[in-house]
């Protein structure tokens with residue numbers, strides 16, 4: 001007999017239930033979210049307005065900044081607003097939309113990080129063929145494939161969650177709707193569903209991480225044949241990429257490659273990839289990239305020049 005879905009809304013417990021701490025969460029994460037929007041917007045504007053940042057690396061960085069802003073927006077605004085409420089609830093349909101958008105933009109971010117690693121590998125290990133391999137057409141096709149892959153991934157996730165019956169408990173011990181907390185509430189055997197979800201999300205995280213580690217290992221190995229100045233420039237770029245990869249993939253692999261179990265630390269770990277990574281990415285790429293810093297200085301000086309003439 002198929003169980004009916006009697007749940008129309010879920011209760012989100014958030015990061016804390018303490019009224020004072022909820023106010024602290026509101027202030028801190030509002031600042032973080034505004035920082036995410038500001039930092040990623042600066043990179044988007046810098047790349048769009050400068051011809052100096054026209055290489056494929058900055059094409060991918062532009063899209064990473066867009067996805068970072070969208071990824072955090074799928075979670076942060078509601079989390080911040082819920083911190084002001086005594087009891088935060090989310091409708092069933094809104095919860096499903098959040099699951100879809102979160103995994104869609106999260107998968108896009110994973111795939112764009114892989115493309116950035118491939119771009120750096122070609123640029124450093126195959127410099128003479130870089131312009132013929134990484135053409136605008138190739139970059140456009142690769143971006144289209146990331147969208148297709150993300151659609152397939154997030155659609156599969158939402159299809160599996162919608163196939164589950166929710167007929168009783170509706171309290172989610174988290175600050176957003178995600179797979180593991182939802183599986184815990186399903187009133188049916190979730191072994192097969194959990195296996196499929198882990199195979200989907202876990203495989204994407206793990207395989208992508210292995211590909212990234214291998215690509216950067218090959219890059220670092222090839223730097224032995226470069227000049228001191230070439231090694232310094234390549235290392236500066238690669239280190240910033242590696243920092244982003246570790247910050248993002250470490251928590252993701254911990255959350256999405258295990259059976260349907262939840263730990264008290266899950267919520268804090270999730271903060272790293274839902275808020276931390278989109279916040280740190282602009283800082284990492286702008287502070288460690290001389291070209292981006294120079295363009296931002298030029299934009300800032302152009303903004304100040306009209307004020308000086310008044």
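Each Cβ is built from the backbone N, Cα and C atoms, and glycine gets one as well.
Record features (TrEMBL):
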DOMAIN    39-285  domain 'G-protein coupled receptors family 1 profile'
TRANSMEM  24-45  transmembrane segment
TRANSMEM  57-76  transmembrane segment
TRANSMEM  96-118  transmembrane segment
TRANSMEM  138-160  transmembrane segment
TRANSMEM  201-223  transmembrane segment
TRANSMEM  235-256  transmembrane segment
TRANSMEM  268-287  transmembrane segment
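Between the transmembrane segment (57-76) and the stretches 96-118, 138-160, 201-223, 268-287, Cβ pairs under 8 Å are most numerous for 96-118. Contact between the transmembrane segment (24-45) and the transmembrane segment (201-223) is absent: fewer than three CB pairs lie under 8 Å, with pairs separated by 6 or more positions in sequence. The list of residues near the transmembrane segment (138-160) in space but at least 6 beyond its ends in sequence, with Cβ under 8 angstroms from a Cβ of it, reads 56, 59-60, 63, 96, 99-101, 103-105, 107-108, 111-112, 115, 179, 193, 196-197, 200-201, 204.
Tertiary proximity for the transmembrane segment (268-287) is limited to same-chain residues at least six positions away from its ends with a CB under 8 Å from its CB atoms, namely 15, 29, 32-33, 35-36, 39-40, 42-43, 61, 64-65, 68-69, 71-72, 75-76, 102, 106, 109, 174-176, 178, 240, 243-244, 247-248, 250-252, 254-255, 293, 296.
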